Every structure is written in C-alpha cells, then in structure tokens.
Amino acid sequence: MTLDISKYPTLALANTPDELRSLPKEVLPKLCDELRTYLLNSVSQSSGHLASGLGTVELTVALHYVYHTPFDHLIWDVGHQAYPHKILTGRRDQMPTIRQKDGLHPFPWREESEYDTLSVGHSSTSISAALGMAICAGKEGKDRKVVSVIGDGAITAGMAFEAMNHAGDVHPDMLVVLNDNEMSISENVGALNNHLAQVLSGSLYTSIREGGKKVLSGIPPIKELVRRTEEHLKGMVVPGTLFEELGFNYIGPVDGHDVLELIKTLKNMRELKGPQFLHVMTKKGKGYAPAEKDPIGYHGVPKFDPSHHSLPKSSNTKPTFSKIFGDFLCDMAAQDPKLMAITPAMREGSGMVRFSKEYPSQYFDVAIAEQHAVTLATGMAIAGYHPIVAIYSTFLQRGYDQLIHDVAIMNLPVMFAIDRAGIVGADGQTHQGAFDLSYMRCIPNMLIMAPADENECRQMLYTGHQHQGPSAVRYPRGNGMGVELESSFTALEIGKGRLMRESTACEGEKVAILSFGTLLPNALQAAEKLNATVADMRFVKPLDEALIKQLAQTHDVLVTLEENAIAGGAGAGVIEFLMKEKQLKPVLNLGLPDQFIVQGTQEEMHAELGLDGAGIERAIRDYLAK
C-alpha cells in the first residue's frame, strides 16, 4: 500500500537528489521530520530494516544536498541504513515492496538505481571500494568526489582498517563518514564540538595547516611542535588519533541529527584534498521512542502498528533452529565447563542471548571479525577447550582460509554451528546460504551434517561437540517441524543415514530420493505421489556409502535433494561415489541452480526453484519422461 504523499508536502518536493538540492536550506529540518515519519509508516506496513534508517535521515539528506550524486559516488556500507537514500532517489513509491519478491532490493543494488554505486549486504566493504573509485576519479580529473558511509560496527572489521591504511599511503581525495550510533562519546557532541568541526574543516584553517607544513618541512623540530600542538587541541575534544595515524584528516564527532550543521561541515570537507574522516554521532531508531529504547529489537521488523509501541509476537509456536542451538549450548555447558561459544556479532540472530547471560565467561562476541572468530577457536581447541563457532552460512565464507589453514589442517575439534543455511528469504542474494556444502565438502578432515528436523539438529550438535576433529552442522533460518525433542543427548553413528519410506512399486522405474537436510518433508510429499523410496541421508561427509550402494542396486533412478548449490554439493558427492564404484545409474540432482537467488519468502523461493513437494514431483516426472 503506497502512502499518501500529500501528507508529506515537503518530502513530495524531493523525489530525487536534484529536486532536493533545489530546496532552500531552511526547509530541510521539516523535510527530515517528514522523511522519518514516512519511513516509519512505510516499513511498519511492509516489514524491513527500521532502526538504522531512522538514525541516518539527516545524514542522508545532507550528503545528497552537498554532493552531486550520482556523478559523485556515495557508498553505503552493508545497507541497512540506506532506506532514506532509496526514498530520496526516485524509489519512494516502491518502498512498500522492499524485501519482497520482485520488489525493491533490501540493500543498495547497482541494477536497481544509478544512485547505488556499490551492491552491498555484507559489512565493511565500502572503504575498499571507495578507495578504488577515488584512485580512478583522480586519474580521470573530473573532480568527482567519493564518499563512504560506514557504521561503528562495520568499521571494527579488519578489512575496513586495511583499506584505511592503504588510503593513508596513496592519499586520494575521498571521505569516510563514520555513522556512530553507540553514543559511547555522547558528551563530546554539542555546540563546542560542532564549532570545532567548522574550524578544522574550514578553508582558512586548512590553508594555514597545509601551508605551514610546506614552510616548516625543512625545520623538523618546529614542524613536530606544530603537529603536536594541533593533536593536543583536537585530542581535548575528539577521539580521532587512530584515524589521523592512518593518514586521514579527522573531523568530529558532530551531531548527526543537525542537518544544517552537517551541511556546513560537509561543504567544507568536499573541498579538502586527501583522505578525510568525518565522525558523525547518531541515535539508532531516532524519532520513534520504542526503536530508540530497543534498537536491536527494531533493527529488522515485521509488519506492525506504530501506535501500539510494540512488535507483534510470532504466532508460530514451533521453536526456531536458532533457539534449538541456543538451548543446546545451555544444556551442554551445564555438563561441559570447557565449552566455549563464539559469535561474530550475531548473538540475537544465532539464538545465543540466553547462553550469553547464563554462561558469560564461556561466551565470546568478537564483533564483525569472522576470520578472527575461526582462529580464536583454533587457539581454544589447542588449549584443550571445546569451541563452537556460531556463524551464518554466508558469513563463514569470510573465514574460509582460516577454516582450512587454522582448523582442518591441524584436525582440531572445532564445531561450526552454521545458521541460515539454504534459502534465507527477504535479504536476497548476499545472504542466501547457498554454498557452504560445496566449499566445505572438499576440505579434508571435515565432518558435515545436515539435520532434517529440530531434534535431529540437537543430536547432531551433540555429535559434533563430541567429535575429535572439525565438524559442521548446517540448519536453516526459521521454525522447525514441530517434532518432539529428546531431552537426553545421543551421538549419532558417523556417516549413517536412515530410510524414511520404501517404495512398493512393482512396475515402471523405481525411484529413490536421497534427501540432505530440512527439505525432507517435501521429498516425502513428492514420494507419496510417485511411490518412491526416501532416505534421510543426515551426513554430507562422510556419505553413507553402504546406503547409497544399496539404493543404487535396488532402484532405477536416484534423486538427490539439498538446499545448497547443485555445483559441488551433496548430490555431486553421490555421483562421484557411484562413478568410483562403477555403479553407473541415472542420478537427478535437485538443489539451488547456478545463479544468485533473489529475495522472496522461503516458501515463494522453494516453489519458484522447484524445491517444494509439487516441484520435486514435477522434476522427477520430467526426468523419467526423457
């Protein structure tokens, strides 16, 4: 449902940055108020990321007002905070479709708009990309400006500091804006600091500073005195020493909710040469009290009524796989004081809130540092402890070298609890857990498990925790099947699947479906129509070779089913084994195709990709008809 824009008269005048830049500065505070209200009303009707965008309204308006986008390049890190940017860049009327199938992309996306310079979704990539663009902008000589906006969480990642270190070396004209919404230094925000930002970014101060450097370059003692005096002045009111040491001219912190002061500072900084760093203080959830009070809860929201000041409770009473994992941690830690749980900034999403409170000394949130998380676990395993790394499938990609070099080569007992495996839904291409089976299956020493339901997940987590080598349990986003959970733990026999249904077909081609993971109910649904055998394979590595040989000998066609890329996945492993054994048999691999999977609900995407019950049946019938 599109909102009535007549209720937002100032915002109606700024459908594009060109229109925004034509407005007098005096109306911009009113524009920001309307934009914030529009964002709240829009997201509450459609679902999406809310708190981050509420906090970047003034910053977004100021950036588009000062910089000549899209000629100037504006890059948003991750993209959760870019909803105001989408609204101001010609996509206002499409906002009700965001994160929905065939709708607006949840993050800045190059194919969607010329204003989206970089397609994003994962954190900490913006400064590297901005640096590359800034270097090339300097070579083309058209006075193109490049700006990267990065949050205080994303900037903690090593990649961001690698980029800043390089930028300080090559010294291009670029601006990094730190959107700091943690309020850790809020006492430094105010009139004095805004005034200092004006002075330090102003042309007079900059000219004196740069001119003085040239004049005094031959007099090291005096040059050093000037440098130390400047640092002392700035150090009294700003925490920018680190960024100065990396080669940036640091300005801030400034009030990120004073749009007119932001514009003054940005106009000054636009004319400065070399790498610039602007530290902006914002409040996540700004303007909507519940989101200000609970920015984590209002980070991503379902549809809700803003007047109720609370989010609706899920009507699904079945536990999520994330909760199954979190409860396992607590139950296991009660038995094992050497259990150590590690997460790269995904406490809530991975279901670890309860564990972090009940076992704080065994809980480690390493921030957005996937590489470090994996090798931290290595050190703990070497020390004789039992580390578990809780990580999303798409983010484990960022720690792949560490998985091989620091865990698997030494055959260390580190378990990876891989959440969001398979189709994740509304976050689209950057967040689908499409590749983990493919990129792990080729690693020696790995034990890889794919549960069909929540109880199997619980027992596999226990199995992995007991295993004396690297292991992984991969499970999807969302709720379980509603099966009864066994309170006791039972280690599964490694590499053994189980038959769930046996075909009674006496004529025609006999089919066996080998299911890996939570698509098992869909396989059983299709099997009822086809009178097919179904096996819950459980283990991707090692495969249940005896079961595969048995099914190959007693069936005419084998079908593998997985919520992973077909290329290199579990089905590929089945074919490799059959070829090795000279068991030449027709095999149909069903899974994710060779493409990046777009956004949509899990149910919508399963249907579109032919992985629901009807789609599996259809694919098998088509294969048999060939």
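Cβ from N, Cα, C; glycine included.
Contacts of HIS80 (thiamine diphosphate binding site) defined by a Cβ separation under 8 A and a same-chain sequence distance of 6+ are given as HIS49, SER52, GLY53, PHE107, HIS299, in order along the sequence. In the three-state DSSP reading, HIS80 (thiamine diphosphate binding site) counts as helix. Feature annotation from Swiss-Prot assigns thiamine diphosphate binding site to HIS80, GLY121, HIS122, SER123, GLY153, ALA154, ASN181, TYR288, GLU370.
Marked as Mg(2+) binding site by Swiss-Prot: ASP152, ASN181. In the three-state DSSP classification, ASP152 (Mg(2+) binding site) falls within coil.
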- Query: Per DSSP, to which secondary structure element type does GLU370 (thiamine diphosphate binding site) belong, with helix, strand and coil as the options?
  - Reply: helix
- Between GLU370 (thiamine diphosphate binding site) and ASP152 (Mg(2+) binding site), how far is it from one CA atom to the other, in Å? 17
- Note on the structure: The number of other Cβ atoms within 10 Å of the Cβ of GLY153 (thiamine diphosphate binding site), counted over all protein chains shown, is 19
- Candidates ASP152, GLU370: member of the binding-site residues with the richest Cβ shell (10 Å): GLU370
- Query: Which state, by DSSP, holds HIS122 (thiamine diphosphate binding site): helix, strand or coil?
  - Reply: coil
- Cα-Cα, ASN181 (thiamine diphosphate binding site) versus ASP152 (Mg(2+) binding site), nearest Å, comes out at 7
- Item | Rounded Cα separation (Å) that holds between HIS122 (thiamine diphosphate binding site) and ASP152 (Mg(2+) binding site) | 14
- Message: Taking 10 A as the limit, how many CB atoms besides its own sit near the CB of ASN181 (thiamine diphosphate binding site)?
- Response: 23
